[in-house]
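If you look up TrEMBL, you'll see 20-42, 48-68, 80-100, 120-148, 169-191, 197-215, 247-267, 273-289, 309-326, 346-374, 386-410, 430-449 marked as transmembrane segment.
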Amino acid sequence: MKTICKMALLVITLLHVIKLFMPVNLELLTSFTALLFVLGLFMQRKGFRTITLIFFALGIGILVYYKLPFSLWMSSFTSMTNIIAIIVVMQLFAIPIEVGHYSDTIEYWLKKLFKKESSLYLFAMLVTNLFSSFLLFGTVPVMVSLFNKALKNNVRDHQRFFATAIMRGYALVLFWAPGAVIMLLVMQVTHVSWSELFLPGLLLSIIGLLTSYLLEHFSGLNKPILTEPLPTSSCIAKNAPKQTAHILLVVIFLLLLISFFEAFSIGSATGRILLSGLLVSTIWIVSFFKNAELKSVLSLYWKGGITQATDFSVFFIAVGLFAGAVDHSGILSHIQPLLQGSVNHLGIFSILIIPLVFILIAVCGIHPLVLAVMFGKILLAVSLPLSPVSIALILTLSASISFIISPFAGMSLMTAKFLNVTPMEVSLKWNLLFCTIFLIEGLIFAYVWHG
């Protein structure tokens, strides 16, 4: 069963790579997605399986009730398989990182440069923020491969430490990264250009990073890191500069490839990341062809690494089906007039209510991308003393917080899976206070920026 799931994951990934250059048969993609879903259900943990089946049943119920055509069933069922493909590809980076012992280099620099957990936390957030600007959903497996061992050895509560750094670092890049899907969608809905959003978005991102740093610093992360004296003549110390250069070259090459594909309009935003990640990771793996450890690491990846994606892959399929059903059924068009009337009645105070309703609906499982379109239309249709830029900032703020705080969001699920914790811990337990503070700061900033 595991082998068939692995093959299904690989075929889905391959189909999405082929899709960048030519049309792919939707029935074929649906067949392998169905195979992965059915077999993957048996491999899911009980908690994951229950939530998956709820979303799947809701999606099927909506599709049947509204008598939607089978073509929409298939497109909804496969709508999130591109994310599954990116996760599978980005896990490939773990192979050269393991073979080359790059995590030892990261640990070396952490011990040498950082003395307190709070400064290390800020660094981890900044690196995640940087990587997320071009890797997007693929950030989690790459960051875990690079940092997990080092943090486990040097930080007391490393799971909470790393989970919050990843989640916040990722969500805060959405305010300014030109390749972020939510940014593109908000620009389209509000008719605001990226150049208009970049400066306020970057400032809001910096405010979020500083808020997160200060919150963690004053709530217990001001302790010295758990570390031992550095061996001055160790092999790790000698190789550290060389291996650091390798990592930087990989990052630069990845960025250049994504930019190249974008310049020639090859694929979608996620497709470019998929193809670039596949090419760079393959080249990096091949560079270790003569390394004796490569064979054993590849074997471990095939036995267990690739199946790490199964839990949330099956869940993504169910959520994609549900989100697609909701989007195509017109359910949201029935809700929109009610919200429109409430916003008209509340006036300027609606900028407090809209984000809360947005986040609440997102927590219930509706994708923030769908909500950004719906709420964007509502806010633009109402006469508010706000500029389109302020409305765009409010929409992005609501979406970014939804990505953090919803236990059903892709980042919550991936982070929880890779760090062996629960989605509820990653989202609500560890991030609720930060999200509350940042929401207040963000709304004030959006209003002041307008003024």
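The chain as shown is numbered from 1 upward.
Heads up, the Cβ atoms here are built off N, Cα and C, so glycines get one too.
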Long-range neighbours of the transmembrane segment (247-267), counting only residues six or more past its ends (CB under 8 A): 19-20, 102, 105, 131, 134-135, 146, 179, 273-277, 279-280, 284
Range from 48-68, 197-215, 273-289, 430-449 with most C-beta pairs under 8 A to the transmembrane segment (309-326): 48-68
Chain residues in Cβ proximity to the transmembrane segment (197-215) (below 8 Å; excluding those fewer than six residues from its ends, i.e. six or more beyond): 118, 121-122, 125-126, 129, 164, 168-169, 171-173, 175-176, 183, 186-187, 389, 392-393, 396-397, 433-434, 437-438, 441-442, 445-446, 449
Residues from the same chain, set at least six apart from the ends of the transmembrane segment (120-148), whose C-beta lies under 8 A from its own: 83, 86-87, 89-91, 93-94, 97-98, 102-103, 106, 110, 113-114, 154-155, 158, 161-162, 165-166, 168-170, 172-173, 176-177, 179-181, 205, 209, 212-213, 216-217, 221, 225, 247, 251, 254-255, 258, 269-270, 273, 277, 410-411, 414-415, 418-419
Non-local residues, at least 6 beyond the ends, that sit with Cβ under 8 Å of the transmembrane segment (273-289): 13, 16-17, 20, 82, 85-86, 89-90, 92-93, 95-96, 99-100, 134-136, 138, 179, 250, 253-254, 257-258, 261, 266-267
